[in-house]
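First the structure, in the form of structure tokens, and then the observations on it.
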Amino acid sequence: MLDVNAFDKLKIGLATADDIRGWSYGEVKKPETINYRTLKPEKDGLFGEQIFGPTRDWECACGKYKRVRFKGIVCERCGVEVTRSRVRRERMGHIELAAPVTHIWFFKGVPSRLGYLLGIAPKELEKVIYFASYMVTSVDEEQRHQDLPDLQDEFDHEVQNLERRRNNEIEERAKKLEADLAELEADGEVKGSAKTKLRNGAERDMAAIRQRYDDQIKRIAAVFDKFKSLKPGDMESDVDLWREMEDRYGDYFEGCMGAEAIKKRLQDFDLEAAAKELREEIETGTGQRKARALKRLKVVNAFLTTDNKPEAMVLDVIPVIPPDLRPMVQLDGGRFATSDLNDLYRRVINRNNRLKRLIELGAPEIMLNNEKRMLQEAVDSLFDNGRRGRPVTGASNRPLKSLSDMLKGKQGRFRQNLLGKRVDYSGRSVIVVGPSLRMHQCGLPKPMALELFKPFVIKRLVDLNYAQNMKSAKRLVDRGDSEVWGVLEEVISEHPVLLNRAPTLHRLGIQAFEPILVEGKAIHLPPLACAAFNADFDGDQMAVHLPLSAEAQAEARSLMMASDNILKPADGHTVTMPSQDMILGLYYLSTVIDGAKGQGRIFSSLEEAQMALDKHEIDMQAKVLIRLPQDFVLPKDWEPGEVQVIDPEPGSPDVVKEERFADGSVLFATSLGRILFNDTLPVDYPFINEQAPKGKLSKIVDDIATRYSTQQVAATLDALKDLGFTRAPWSGVTMAFSDIVAPPDREEIIKGYEAQAAKVNNQYDLGLLTEEERRQELINLWTECTDKVAEAMRENFHDDNNVNIMVQSGARGNWMQIRQIAGMRGLVANPKGEIIPRPVKSNYREGLSVLEYFISQHGARKGLADTALRTAESGYLTRRLVDVSQEIIVREEDCGTTHGLPMTVAERDENGNLVLVKAADGGPYSRLLAQDVLDPADGKTVLYHAGDALSMDVLNDLVAHGVEQVIGRSVLTCESKRGVCAKCYGWSLATNKLVDVGEAVGIVAAQSIGEPGTQLTLRSFHSGGVASASDITQGLPRVTELFEARTPKGEAPISEFAGTIKVQDTERGREVILQPDDDSLEPITYQVTRRAPMLVKDGQHVDPGTQLVEGSVDPKKILRILGPRAAQMNIVNEVHDVYRSQGVDIHDKHIEVIVHQMLRRVTVIDSGDTDLLPGELVDRARFREQNKKTVAAGGRPAAGRPELMGITKASLATDSWLSAASFQETTRVLTEAALNEKEDDLKGLKENVIIGKLIPAGTGLARYRNATVEPDKAIRDTIYPNFGLGDGSLGGDLSDGDLGDVDFSNIDFGDLKLGDDFNPDDFLDDNDNPVDFGDEFRIDPDELK
């Protein structure tokens, strides 16, 4: 087989008949598959062993040669080569067709490539191919021109002859009439009626004679006229006329029906002349003609610039794919199940053989044509069943799967087998929580671990002499002997495994853990990893994968460990957060209760306080004063305060004060719980002396993540988790029915609002309010009522109420849910998303009435249906995003651009002070500066230089200096030829360091946008009747609309030019008229609805691109009026707004990566002196390069306009045909690629996955492939703590004397596996001679004695 690393490009083209014969190992002549008695393949049939190879390894068909020693021999009896049976997966055969057939992809595809090339309408082409029309293939112009005068004379002569004969016959008939009349008169009967009858009969006969001869003359005139103007490519569907022409003038032209005619035309087709003619037509033509000429020129050009031959679109030979790819298997009842392809091939072979026989018998043309048409149809259905006419069906009327269907869709070859392979060394099981596991550990069930690590265990058993060979070791493992488990423990230690939970929506869906063996059959997952996987323990399952090679293990350990993946790549916030019980425990510890037992007592040390707690002298939540040492880190901005003493001793003060002593120690007021809580945080972290609900905890963890190494953050999180779980039961928080307290004045509040509602209804009845106004009034009333009840309810909850603690701490639930249980349910929406003006006054604690239940359920069920739809919709969006951006990889450190985007860092608050912008962490944060930032105070001092990173600290500093805007580098302004550069991308949000070269930022971006897609609503809930909100698409459909660059629903117009606005109302609505400043331009009228809120006033002056009314703007128009940068920024901001409105944080840089791909192409308007074609879509980089070359050679560059493409279109327009074909419209993409002989240079990820190469991203890049793995300092310090050696550096001032008293001879180094990595070849040079290490490594033989 071909080695995937042996090539770096993949080209697709049209195969000629010789190519197909070259691939083939023999011709398939019979339609038979296997013999039903012997179950052996039939000779020369579709499964023949002579063609495709033996069905059994190293055995020929007749059994003469068996065993591997006859390898390569071809049996003289049965003609089968002795080889492995797997060649039946790769050897092809072929069928020699008795008549040529066209390839349906090139004839029936849209547009029809054959039709474009020959300049024939597809309908006409179809008539020729399916034997309904004749086609002229060649005309002997010269001979015809020479003989035309003679032929004209001949024709005139024949016409005269016919006219003469006609006149003669008519004359004879007239004479006969006269004779008949005379006879009548002679008989004496002179009745008028008899004469009339005779005359009428004679006239009828003469008219018939005249008609007959006229038809003949007309016929030969038509034949002659047709012949005179005959040219190749002419068609004739009148069979009689064609035959007449063939009989008379057959020497001067040739023509036929079917694919044969097409083939002859293609062989004689002059591409150069056609291209020249089309170019002229493009220059002179207009409108439709020009457009068609452009399209035709593309096809003609494709053949001119490649090695493809046009006649290869017509097949004389068709390939037969290897039999193991279209297998036939025996079922239980002796019946056979077979691949549909075998039926389709069988039809082709049957019809082909019948046609051969008819040709040999010399059958008449009509029979041959019919058989040829059937053969064409059989080949069509083999290649693409159902593309033309009714599909061929199998049993139970199911259309058969053709070769095209094998490639297409989710179940096709591309997506099912090439992009979605099954993986060995993997298992799956249900997950349960492992509260005692560290963040980097997972529990693996013993049986699963044994199966996964089997090869490793077997090798180790043999190494340790528990078994003599692998076979007996395997038996030991299968029996599960006691020594096996010990070896398994040893094998799995420090061998990470990967855990994956479907759906893998972002890269945190697969992480590495160190396995710990556990009993049972469930995988144990550390609770802190749940958020990243979006896992819970209600029956979720997870898959385990085993990295095998040392490189894979190193990669898993250094890049994928769960303890290293603490930040979310979408926004840079911590994804690993304490939750639920942990929060409850930590909240309990950090709460101080006023008046708790022991408040105000003073302790001389922490130990003393702990002792008092153990003796129940003080409460854990009591505020006490403890003297703490000088290295204690006080809270930020600490000022000494005072504490009230509870039950003071007689004569002692009732207030005690905090103070700092001369020795640096400090008397500090806090609770013992808070000290325990702070013990888990890093030693030098400022003391947190306040209550820590979820929000506060989140801030603390985020802060620690920015200040400390990942290892320290992971350790802190683990400590917080342990403390939280340990202390949660201490808090005694449980939930009972009695904890849900309804507010006592609930009924009163509701009664008051009922009276107001009655008043509103009364006004409606009197006609004072419209239906819409009443509805809005009621909605406002009941919303106010619900809020009042909720407020009363919150005030009624006591601080130590269990439900209150859960909500306040952020452990579970929110006030809205509690309001529905204890307060009132309030207003609900119907399935349309409109609010029903009748409120649900009951709550769930007391139960709903029937009517209330019904109106509640309606919207609730709709919600569930919506969620299911949303998941699918969001998954499809992610798939398109990944496809469009998968080739964006950080390719270089710096592209050298000086451009960037203006970014706002500060805004004014309501008091007019400068504050950091709200979306700073999703905009300027984590980018590098493109230009120096000057101090606004003097305009000279450089605060930060170009290339500095904008961390949160830097941003705050800029705001403090009064800087409002900076120029930051962005993916949109990056000038890398392929992908993007690290400096334009900025920090990787998952590490808070500059992104590494090789990072697949495109896929990270797609996942970051797609992953929260399910959280976006499918439709906006609107409070019925508010026009502005309801007309604008929101949520997921809005994101799709933006990324697909569609014209938005409810589009808002923008001004085309600078000018003055005039607003006037008309009968139909409202008109906004723009009077341009430039008088040469006509005024423009925009029709808008009266409901749409205006953004401009009558008489206002506007700039180009100003939005006139509220609504969504069409990005294509922004591109046209304001240019590409404005269009890009519009899409980025709009997408960001949709996510922000749903409370989802995504960094703008991810959206920019996608938008960068949407504007990658340029439409050529004028090709200048380049090789580009007008109207062609080309990559911006290629466009620039072509122009550079042309200008350098002194030519005229091409002109083009940037093209905004939706993500689906952009994916299909990618340079990689493998990637495009595996996305959508597979057959169309492959047709196009084959015609243009496209080369895929395998630069993206998909194409490499498809052919089975390492992806060119991450550690797959050449620059990382030869790297050596060493632990970094932080890890080294945690593995090898300094054992008091000198100054703390490892082996600081270590001298021989320090170890003088160590007896090395008695130390057992057994477990250290010293010398495992020792390779004797390291001491040999390239020619296998010992390496000379120079003098310092020379050993004097005397020293060894």
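Backbone N, Cα and C atoms are what each Cβ position is placed from, and that goes for glycine too.
What Swiss-Prot lists as Zn(2+) 1 binding site is Cys60, Cys62, Cys75, Cys78, and the listing cites sequence analysis. Taken from Swiss-Prot, the feature Mg(2+) binding site applies to Asp536, Asp538, Asp540, supported by sequence analysis. Per Swiss-Prot, Zn(2+) 2 binding site is recorded for Cys895, Cys974, Cys981, Cys984. Among the features that Swiss-Prot reports, region 'Disordered' is placed at 1325-1345. The compositional bias 'Basic and acidic residues' annotation in Swiss-Prot covers 1335-1345.
Checking Cα-Cα distances from Cys974 (Zn(2+) 2 binding site) against the binding-site residues (Cys75, Cys78, Asp538, Asp540) with a 10 Å cut-off leaves nothing; none qualify. For the binding-site residues Cys60, Cys78, Cys974, Cys984, counting C-beta atoms within 10 A of each C-beta gives the highest total at Cys984. Recorded residues Cys62 (Zn(2+) 1 binding site) and Cys895 (Zn(2+) 2 binding site) have their alpha carbons 67 Å apart, per Cα-Cα distance.
When the Cα atoms are compared, Cys75 (Zn(2+) 1 binding site) and Cys981 (Zn(2+) 2 binding site) turn out to be 61 Å apart. Apart from the site residues Asp536, Asp538, Asp540, the chain places the Cβ of Ile431, Ala535, Phe537, Gly539 no farther than 8 Å from the centroid of the site's Cβ atoms, the recorded Mg(2+) location. Between the C-alpha atoms of Cys895 (Zn(2+) 2 binding site) and Asp536 (Mg(2+) binding site), the distance comes to 44 Å.
DSSP classifies Cys78 (Zn(2+) 1 binding site) as coil under the three-state reduction.
Neighbour density for Asp538 (Mg(2+) binding site): within 10 A of its CB lie 6 other CB atoms from the protein chains shown. The binding-site residues shown are Asp536, Asp540, Cys981, Cys984; of these, the one with its CA atom nearest the CA of Cys60 (Zn(2+) 1 binding site) is Asp540. A count of other CB atoms within 10 A of each Cβ picks out Asp540 as the most crowded of the binding-site residues Asp536, Asp540. In this structure, Cys62 is the one among the binding-site residues Cys62, Cys75, Cys895 with the smallest number of other Cβ atoms inside 10 Å of its Cβ.
Surrounding the centroid of the Cβ atoms of Cys895, Cys974, Cys981, Cys984, where the record places Zn(2+) 2, the chain contributes additional residues within 8 Å, namely Glu892, Asp894, Thr897, Arg969, Val971, Thr973, Glu975, Ser976, Val980, Ala982, Lys983, Tyr985.
A simple way to gauge crowding: the CB of Cys981 (Zn(2+) 2 binding site) has 21 other CB atoms within 10 angstroms, across all the protein chains here. A coil conformation is recorded for Asp540 (Mg(2+) binding site) in the three-state DSSP classification, outside any helix or strand. Rounded to a whole value, the Cα-Cα separation of Cys984 (Zn(2+) 2 binding site) and Cys78 (Zn(2+) 1 binding site) is 67 Å. DSSP assigns Cys984 (Zn(2+) 2 binding site) to a helical segment in the three-state reduction. Each of Ala61, Gly63, Lys64, Tyr65, Glu76, Arg77, Gly79, Val80 belongs to the same chain as Cys60, Cys62, Cys75, Cys78, is absent from that list, and has a C-beta within 8 angstroms of the C-beta centroid marking the Zn(2+) 1 site. If you compare Cα positions, Cys78 (Zn(2+) 1 binding site) sits closest to Asp540 out of the binding-site residues Asp536, Asp538, Asp540. Across the structure, Asp540 (Mg(2+) binding site) and Cys981 (Zn(2+) 2 binding site) are spaced 40 Å apart at their Cα atoms.
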